[in-house]
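Undergrad: Got a structure for you, questions after.
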Amino acid sequence: MKRETQNILLVLLGGALLKIALNGTYLRYVKPGQQAWLIGAGAIMVVLAFVSITRDIIAARRPEQVVAEVDDHGHSHGGFQSHSTWLLILPVLAVFLAPPALGEDAVNRAAGRTPPPPSSSQDFSFPALPAGDVIDQRVMDFVERAAWDKSGSLNDRNVRLTGFIVHKDDSTYLARLAIGCCAADAYPVKVKLDGPGLGTLVSDTWVKAVVRYQPGSSTTESRHVPTVTLADIQSVPEPPDPYEY
Amino acid sequence: MTTVAADQEDTHHHPKPRRRLPIGSLEILCVLLVVAVVFQDSLASLLGSELIRTAATRFVAVCVQAIPFLVLGVLISGAIAAFIPASALRKVLPRRQALAVPVAGVAGVALPGCECASVPVSRRLMQQGVAPSVALAFLLAAPAVNPIVLVATAVAFPGNPEMVAGRFFGSLATAIVMGWLWARFGKLEWMAERALRRIPDRDGRSRWLTFVETARHDLVDSGGFLVIGGLTAAILGVVVPASWLDSLSEQIVLSVIVMALLAVILAICSEADAFVAASLSMLPLLPRLVFLVVGPAVDVKLVALQAGTFGKSFAFRFAPATFLVAIACALAAGYLVGV
């Protein structure tokens, strides 16, 4: 591959990174903390390419300075390199198409994961929930508390969860994907909804749901997916950062 | 070593004038981009399939997560190529090979870069008169034990610091054992003559240009392999049923072998492979540690790079030996740090 083409690919890829970092799309793929890294990396790629382009232009004006060197060192390596470099166009095209954040498909495809028991406390005692009629919680925290809290602090509490709708077999879930690092390692956290009219909910719609934990439903048999009674549900737009961390 | 990668650069980009098709890579790129714009709708409709949509999101996620690490790595490798002469490294090495091998292995900590970058650097070291066993220890250690890779591993495995320790000791042990093995059994005639021939220093360029050129070259060179890794990880993630890897997780011996082979076939840049290993969360940690130790030491792209740089008869002896040594060292390190 010619230098010019390599440079253009670098500009395209660096530009694509800058674009998703600045317009917020990057949150579909990685954690918020990655934004500065993406801006830095994108800018550096563009700068490297432009320095190289500028040098080529200067060299082209003074052709006598460019010495064609014959050297048997890098040729096998060189051919190897030029082919793999073409693949840089794939992330450019993929970013251009901007695939959406992971949703129902990823939830149903993934293996269930037991929430890790809280390591800090031997007796699994959780801090008291805030007072209030309805409290907001992350799905992750809710599932963890349902699985491990022996004191039953979730019983008889109304909790508002934000997530998207997932249907599997005959059950309906409110789910969220949690990521450790990037969307490639996402694992689902979900609660099974119990209430009337669940079949009419459309998959992948984002909702805020007020739910009440059914005590004893988070067991090894249910793979620690708690069942909740649905008190109220309303559609909301997809939040800017679709994952929990 | 002012121009490690940069002197290859020259050979690539100013080849002997020869007759070739009038269509160059630039034209092909333009056509590809025009096709992509024209058929944007059909491309976008590909995302209508849930399977492809999930795989595409995972692919972009791996790339977006790993590219900043790659950029940081090539900047540092460029800075080293430009500002730290190899002769300085040679001066600090002990005279005795048996001692110099571990020193070179530990020196890999200070010379970060992904495996594609360490191949030309270690060749350069040999050309500057460093013993091959020492240069090979560096070749194996540098991509695996440098701070960028270790930090990436720590980020990918939050809550499992033993993975970082296991990776560090496993990879360092692999490098040292292979260096000693080469010092004891290695034969110079296995190496292509071109790998050992001395190249006169070229000091004509300014250091900043060397820095930019080396960084750019490494980025373009390894970026493509990163994409292969991201694609494979994305496809594996959606195609391999979770239940299949679940069943693998109960057979520790089988999963170690599978992960070691996977590391060779996937050929993921060492700066990104921790994230791929982290995503295979249905497996226990030990097979994933084997994956992280084997990957930077031997994989398909590295074997190809080595065959091109040091000669085929070298690569086809060195790679299988490294594979076995790396698995053994990973298991031993995993056992010691309690993975």
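For all residues, glycine too, the Cβ spot is worked out from N, Cα and C.
Copying in the features that TrEMBL gives for the protein in this structure:
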- B:21-39: transmembrane segment (TRANSMEM)
- B:59-86: transmembrane segment (TRANSMEM)
- B:133-157: transmembrane segment (TRANSMEM)
- B:163-183: transmembrane segment (TRANSMEM)
- B:225-245: transmembrane segment (TRANSMEM)
- B:251-268: transmembrane segment (TRANSMEM)
- B:275-294: transmembrane segment (TRANSMEM)
- B:314-337: transmembrane segment (TRANSMEM)
Undergrad: I'd like to know if the transmembrane segment (B:251-268) touches the transmembrane segment (B:314-337) in this structure, counting it as a touch only when three or more C-beta pairs sit under 8 Å and are separated by 6 or more positions.
TA: yes
Undergrad: Which sequence positions outside the transmembrane segment (B:133-157), separated from its termini by at least 6 residues, show Cβ-Cβ distances below 8 Å to it?
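TA: Hits for the transmembrane segment (B:133-157): 69, 72-73, 76, 93, 97, 100-115, 117-119, 121-123, 125-126, 163-164, 167-168, 171-172, 174-176, 178-180, 182-183, 186, 270-272, 274-275, 277-278, 292-293, 296-297, 318, 322.
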Undergrad: How about long-range neighbours of the transmembrane segment (B:251-268): same chain, 6 or more residues beyond its ends, C-beta under 8 Å?
TA: 225-226, 228-229, 232-233, 276, 280, 283-284, 286-288, 290-292, 294-295, 298-302, 323, 326-327, 331
